[in-house]
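Chemist: Residues or ranges marked as repeat 'PPR' in TrEMBL: 75-109, 110-144, 145-179, 180-214, 215-249, 250-284, 285-319. Taken from TrEMBL, the feature transmembrane segment applies to 349-370, 382-398.
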Amino acid sequence: MFKLFLSLIESIVKTLFLWISVHQLHIHFFHMKDYGFFPTVESCNAYLSSLLDLHRVDIALGFHKEMCRCRISPNVYTLNMVMSAFCKSGKLDKAVKVFEEMQNLRISPNDTSYNTLITGYCRKGLLNSAVKLKNMMRERGVEANVVTFNTLIDGFCKEGKIREASKVFSEMKVLNVPPNTITYNTLINGYSQVGNSEMGSRLYEEMSWNGVKTDILTYDALISGLCNEGKTKKATYMVKELDKVNLFPNASTFSALIIGQCMRNNSDCAFQLYKSMLRSGCHPNKQTFNILISAFCKNDDYEGAFTVLIEMFERCMAPESDVLLEIYHGLCLRGKDQARNIMPEGFELVLWLLVATLHGGAQFWILIYACVGSVAIYGPEVLQFSAFLYLFMNYFFWKCSKFGVSSSPSQLQ
């Protein structure tokens, strides 16, 4: 009956979040006593949980202070959420203090308490502290669970410490904690990142033997690892496996395949994959565009490079400065006349801008950037942005001219 009551409180609080603003609810919550109702720790926990679900960490921490002022005694669930809020806001030291204060309040930390703090340590790269805390769990009679081990494995993999991650994986098996899909996906991705797709494939087979369900992230990690090593045929085979398990390629799948073809200097195949990606409704990211443009430049196909560059502009993305330099140097080698023939309509002045920008003559475009209310950028970033801005504006003015608007950047100077 009591659990039903708590569930009802939580449902009411979360429903109110949908109807009124956080600020209004905050006021009403502490005026409950004016109507004869006094907030309990359970109702406060429901409110804290809703704030964290809405990513309102600052308000959640302020609410905890208000709880203390109103002398509402927290329980382990309250303090777990407060620790989580501190960790999410980057205040790990304060999360540690809350953990230490639990003993003074005679509250025993549970597995979630330890896991929350371990996650905080891993996010900061403090893996030794995370491992010590995991060992402390056993000493204090709290069993580490799959979340504990998954967090540690993820932390080690992100730091490129795959051996340590593998040791944690072995330890969880010894302690009879069954690895789940997240465990395997994290490790497979870790091995793929360090160029060991063979070990990733073994883990994939182990998943099947142990009856652990695979998902699209499993295949993305495998395909990425194979493509990074230039094993595009095996990667294509893995894509075909998706049909058998009723999964569909996503943006990460296509991006990995495109990168694989670009590494083999097969820009035509990479571009076909890019087109397939768009047809399937997936959207390429900045890295995919940059790699595609670079691949076209390496294959001396500047028409293809400009095609992708235009599509990149239409998605409001800026190419990396290295990619701009690659285009610039390639066009310079061809000579001015040939370069103009290669460039699509609307990019006639691109060479002039790139030369001016890369040699410091970008003050006018920096001024335009400042005028639209953006923060001033210093150093090489200025050069990168100015080159992008000029290219974008040339393309924009060319688009305008198609609708009878006569204007160009050169007329603005």
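Including glycine, each Cβ sits where the backbone N, Cα and C put it.
Help me picture where these features are in the structure shown.
Modeler: Only residues 6 or more beyond the boundaries of the repeat 'PPR' (75-109), in the same chain, are considered here, and those with a CB under 8 A from a CB of the stretch are 41, 44-45, 48-49, 52, 57-58, 60-61, 64, 67, 116-117, 119-121, 123-124, 126, 140, 142.
Taking the repeat 'PPR' (110-144) as a whole, pLDDT averages 95 in the prediction.
The DSSP breakdown of the repeat 'PPR' (145-179), given as helix, strand and coil counts, is 26 helix, 0 strand, 9 coil.
Proximity of distant same-chain residues to the repeat 'PPR' (180-214), defined by a Cβ-Cβ separation under 8 Å and at least 6 residues beyond the stretch ends, is recorded for 146, 149-150, 153-154, 156-157, 160, 162, 165-166, 169, 172, 221-222, 224-226, 228-229, 231, 234, 245.
For the repeat 'PPR' (215-249), residue counts in helix, strand and coil come to 26 helix, 0 strand, 9 coil, using DSSP.
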Chemist: Quick test of the contact rule: Cβ under 8 Å, at least six residues beyond the ends. What residues does that give for the repeat 'PPR' (215-249)?
Modeler: 181, 184-185, 188-189, 191-193, 195-197, 200-201, 204, 207, 256-257, 259-261, 263-264, 280, 282
Chemist: For the repeat 'PPR' (110-144), what are the same-chain contacts with Cβ under 8 Å, counting residues 6+ beyond its ends?
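Modeler: For the repeat 'PPR' (110-144), the list is 76, 79-80, 83-84, 86-87, 92, 95-96, 99, 102, 151-152, 154-156, 158-159, 161, 164, 172, 175, 177.
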